[in-house]
Amino acid sequence: MDAPVALESTVIAHGLPAPHNLDTARRCEAAVRAEGARPCTIAILKGQVRLGLHPDELRYLATAPGIRKVSLRDLPVVVARGLDGATTVAATLHLAWRAGIPVMATGGIGGVHRRIDGQPAMDISADLEALARIPAIVVCSGPKIILDLEATREQLETRGITVVGYRTDTMPAFYCPTSGLPVDVRCDTPAEVVALYRARQRLGLPGALLVTVPPPDRVALPREVVLPALEQALQDAETRQLRAEALTPFLLARLRERLGSRVLQANIALLEQNAIVAARIARALATAT
Ligand code: PSU
Ligand code: MN
């Protein structure tokens with residue numbers, strides 16, 4: 001039985017600091033293998049789309065300077081110019097689906113960014129676009145806590161993306177066990193997730209099944225702890241006029257600075273757990289077909 005699981009690479013090159021990035025990437029791959037599935041970390045190397053990286057390539061991605069963060073719009077640029085790129089959820093999902101890989105895992109998805117000046121949000125992640133159009137299973141811990149969670153939840157609904165709570169009734173928010181916002185349906189087993197996915201396929205729905213898994217209890221951070229630090233991080237981003245692809249990595253780094261190692265521990269633990277859940281779902285899917 002071949003049960004591939006796509007893993008994104010932006011989290012390696014831009015989401016986590018060295019040396020934890022390489023260590024975490026290896027742990028996620030090992031966790032997928034231990035579940036009897038096949039990890040495919042996706043990236044662009046010298047303009048080539050790579051579905052699954054050699055250990056040396058994984059190290060290169062984690063340590064080389066100047067690896068681009070590649071979302072959908074950037075894919076043709078790095079490919080045509082022969083550049084290196086780490087793929088976001090959106091770009092990973094696109095490449096995985098084209099290659100026939102229906103399951104992917106990540107930490108937190110992108111969504112609608114917060115605005116501190118009260119203006120309508122203009123920064124909306126291409127992750128939502130990809131999730132709306134690609135009929136895959138995406139396992140994550142919900143949207144990143146740095147985002148406008150209510151607006152992101154609305155966008156998921158608008159785009160017809162079914163949000164599953166994996167062993168939870170509310171949508172998690174990355175390091176935090178709950179966003180306080182509801183999921184569409186709760187699943188307690190991989191088989192239940194596969195049944196929902198099959199129903200989506202039979203109905204001809206475009207778009208993803210988004211499986212949201214709360215971070216493990218032992219590392220999860222309460223929202224009351226994260227939100228004050230986030231306010232400060234948003235102010236800092238505003239002062240620096242940070243925009244576009246620089247914003248998410250900046251805010252995540254600021255939270256790590258302000259809240260210390262437990263943020264890093266939570267991020268690493270949830271990535272590994274999501275890889276395990278994705279592997280179990282991938283196996284259930286492969287057995288069912
Ligand atoms: N999950 C993490 N850390 C990350 C990301 C996800 O635990 O850094 C990345 C993903 O690649 C996601 C991207 O697609 O952040 C979203 O960036 P933006 O908001 O610029 O679209
Ligand atoms: Mn953006």
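Here, residue 1 is simply the first one shown, and the rest follow in order.
Cβ atoms here come from the backbone N, Cα and C positions, even for glycine.
Positions annotated as active site, proton donor by TrEMBL: Glu8. Applying an 8 A CB threshold to same-chain residues 6+ apart, the list for Glu8 (active site, proton donor) reads Thr41, Ile42, Ala86, Thr87, Thr88, Val89, Thr92, Met104, Ala105, Thr106.
DSSP assigns Lys144 (active site, nucleophile) to coil in the three-state reduction, outside any helix or strand. For Lys144 (active site, nucleophile), the same-chain residues that are 6 or more apart in sequence and have a Cβ closer than 8 Å to its Cβ are Gly107, Gly108, Ile109, Gly110, Gly111, Ala173, Phe174, Thr248, Leu252. As annotated by TrEMBL, active site, nucleophile applies to Lys144.
Close to Ala126 (substrate binding site) in the fold, though at least 6 residues off in sequence, lie Ser71, Leu72, Arg73, Thr88, Ala90, Gly110, each with a CB less than 8 Å from its CB. Under the DSSP three-state reduction, Ala126 (substrate binding site) is assigned to helix. If you look up TrEMBL, you'll see Lys69, Val89, Ser125, Ala126, Asp127 marked as substrate binding site.
As annotated by TrEMBL, Mn(2+) binding site applies to Asp123.
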Pairwise CA distance, Asp123 (Mn(2+) binding site) versus Lys69 (substrate binding site), rounded so that it is a whole Å: 16
Coarse DSSP state, helix versus strand versus coil, of Glu8 (active site, proton donor): coil
Chain-internal residues, separated by at least six, CB under 8 A from Asp127 (substrate binding site): Ser71, Thr88, Val89, Ala90, Leu93, Ile109, Gly110, Gly111
